[in-house]
């Protein structure tokens, strides 16, 4: 394999892995902040127990999210230095702002929250988890704005002498609709993911008949959050696909394996393509739905892969402008499919919980155990779709992925680092899941475990929190 | 002053912040087995870092991001060129962060011993490699113009392991060890504090010798005497002596401030010696990366300046406040049930 392929694999592995933890962090930070607020307002112990129990799970998850995030930033320079030279004038700014505005906020206030139980006034302590949660939102916004610029570059000019893109308007970059719709698609997805995690764990506690009073509250909160965010994910997803059709028609065509430009295009439920991927052999379709999804009109015209390929050859010169179509087609469906299944389980569980009921039936345990995993799969396939169906471009229309790779890094070096990262990440996942299962197994602590934290701290009094 | 110069200064500020803050984190991590006899001690030592280590590490992320934004050519050449050292640093930072967060969660002795080994190695490796990397930048590495016009690193991994750079690594390693000992002497009570004090004396001497040798070598290496660099080098030596003396007299706060300032003048001095270059080439000045040929456009730098000028003071205020909140010393006696896992016994 060439350094290019290996660098792409490395990016895929490290990024998909990193993004397993990110949405849980974003979603759970707000839910834990909500539980903490409920305790602050009502002084009821069940909320404190829930805050601490889910806080522990949140932090176990957060640790891996943080350390794998450093790789993300370094990787652009290490494996993709040509890309970095080309886009640095634009792409670097949101990355730097993300660090300055978001990472400092997140890490500092999370530290204050973890260790601040007996060091901060209650109000300030509560504020610290909200500030940390706010940090995750800022972080999401800036990194999504950077990614949106790769999907749809705006606010720049090309400098031919320097061979790079240069920023002309930062506000255009930060407020373009690609960034905005992606943000409103990603944040509810993160809420959905975090809530599914909390709901799944709470349901498990109920199944194990542990702390039922607390678990019912958190299960309901998780399920309701899931359903609300599911609606938002759907609305923003719909907007995203329209923006995508307009800006990256090839991506939409690939998602649908639509080979020729069609009016009143059908939405395909199943397609089997020919081996070379240039046409489909067998399809099950719902008439006109694709046209509606992508243009908002059942009669709208949707461009096909082959027509777009011909168009791009005229526009950008000879070359293959088709992404991996089976991958795009299936990842798009798996994204939606896993999301739908999770939402369906949530709805079913919530229905049974109404009026104080307890969920019954053989479906409950397996559905709830799978609940935290389904959104993770949906998120991963969503990003796999977004990134691979933009190929061959790194920045749509400006620089191809193949031209972005570092020229001075050998294939052996990329292979070596990829193997080490993969093995290391695998070990960390194993340890992390072990700790999470153990935390769940131990469950929330009994009430006598919570000494009243008095303020001030001294050199001798036992610490409420220590490493 | 040009925006490029402003950003050169801001990058220096970020690296200084990183080395002053994560410098003592590295030191504390390396000293872990040498200042503690039992579990309670070890957990007290790690608790001094608990609330702050992650915020300290963000300085690196911002330094990296700011270099990407302000000097993309520098970022691209440096990160692709110093590929393996940066990779090793990444691996170490990953292992170290997870080790801090996970080691005390579970009570099994073997589990904790393994994480302790990880903390020591993963603190020592970056402490050494950052010195090697920066010394190489100051010394100049083989950079050449590629066919596409970009200036690229053309040396290998072993080019980076020259005597001068290795000495630079020894300097950061021993300086961070001493700085970490100063921090521990300031932040702990009882026996840990005494041990940290004693170790700071021995380590401070080793660091002084290696740092002076390195600074003399660096000053002589320059084609002509750079008065500013020389002044900062002398200031570094004096501040180091002041820190050593303060520790000797058990003025722990002053010792820590002095070693922080010594790191500040040391790092600043190296950048001053570079200016206006950011990465000189050993193959001829025409291949030097400078603040001019490596930088972003003025517009980008202007945008970034606004953000940095507004945000940096805010960050400094709340990060500084964190240190104030956790200003009390930590003692082993304060750790409840040290042998048991945090998950098993105590409320979070």
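The backbone N, Cα and C atoms fix where each Cβ goes, glycine too.
Annotation comment: TrEMBL describes B:6-32 (among others) as transmembrane segment.
Below 8 angstroms of C-beta separation, residues 57, 60, 64, 67-68, 118, 121-123, 125-126, 129-130, 132-133, 136-137, 141, 143, 150-153, 155, 157, 160, 278-279, 289, 294 of the same chain, each at least six residues beyond the ends of the transmembrane segment (B:74-95), sit close to that stretch. The transmembrane segment annotation in TrEMBL covers B:74-95 (among others).
The transmembrane segment annotation in TrEMBL covers B:115-137 (among others). Note on the transmembrane segment (B:115-137): residues 19, 23, 25-30, 32-33, 42, 46, 78, 82, 85-86, 88-89, 91-93, 95-96, 99-100, 102-103, 160-162, 164-173, 176-177, 214, 267, 270, 274, 278-280 of its chain, located 6 or more positions outside it, place their CB under 8 angstroms from a CB of the stretch.
Using a Cβ-Cβ cut-off under 8 Å and counting only residues 6 or more beyond its ends in the same chain, the transmembrane segment (B:157-178) has close neighbours at 19, 23-24, 26-27, 30-31, 82-85, 124, 127-136, 138-139, 141-142, 199-200, 203-204, 206-207, 210-211, 213-214, 217, 221, 243, 259, 262-263, 266. Residues annotated as transmembrane segment in TrEMBL: B:157-178 (among others).
Residues annotated as transmembrane segment in TrEMBL: B:199-217 (among others). Distant neighbours of the transmembrane segment (B:199-217): 31, 34-35, 135, 164, 167-168, 170-171, 174-175, 177-178, 181-182, 185, 233, 236-237, 240-241, 243-244, 247-248, 255, 266, 269; these residues of the same chain sit at least 6 beyond its ends, with a Cβ under 8 Å from one of its Cβ atoms.
Residues 178, 181-182, 185, 197, 200-201, 204-205, 207-208, 211-212, 215, 218-219, 222, 255-259, 261-262, 265-266, 268-269, 272-273 of the same chain lie 6 or more positions beyond the ends of the transmembrane segment (B:229-249) yet place their CB under 8 Å from a CB of it. The feature transmembrane segment is assigned by TrEMBL to B:229-249 (among others).
Annotated transmembrane segment per TrEMBL: B:256-275 (among others), in sequence order. Away from its own ends, the transmembrane segment (B:256-275) comes close to residues 8, 11-12, 15-16, 19-20, 23-24, 134, 137-138, 175, 178-179, 182-183, 185-186, 211, 215, 218, 222, 226, 228-229, 232-233, 235-236, 239-240, 242-243, 246, 291 of its chain (Cβ-Cβ under 8 Å, at least six residues beyond either end).
Sequence-remote contacts of a segment are chain residues at least 6 beyond its ends whose Cβ falls under 8 Å from one of its Cβ atoms, and for the transmembrane segment (B:303-326) they are 3, 6-7, 10, 13, 51-52, 55, 66, 69-70, 296. According to TrEMBL, the feature transmembrane segment maps to B:303-326 (among others).
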State the non-local partners of the transmembrane segment (B:6-32) in its own chain: residues 6+ outside its ends, Cβ under 8 Å from one of its Cβ atoms. 42, 45-46, 48-49, 52-53, 55-57, 59-60, 62-63, 66-67, 70-71, 96, 116, 119-120, 122-124, 126-127, 130, 172, 175-184, 196, 199, 256, 260, 263-264, 267-268, 271, 275-276, 278, 291, 295, 301, 304-305, 308, 312
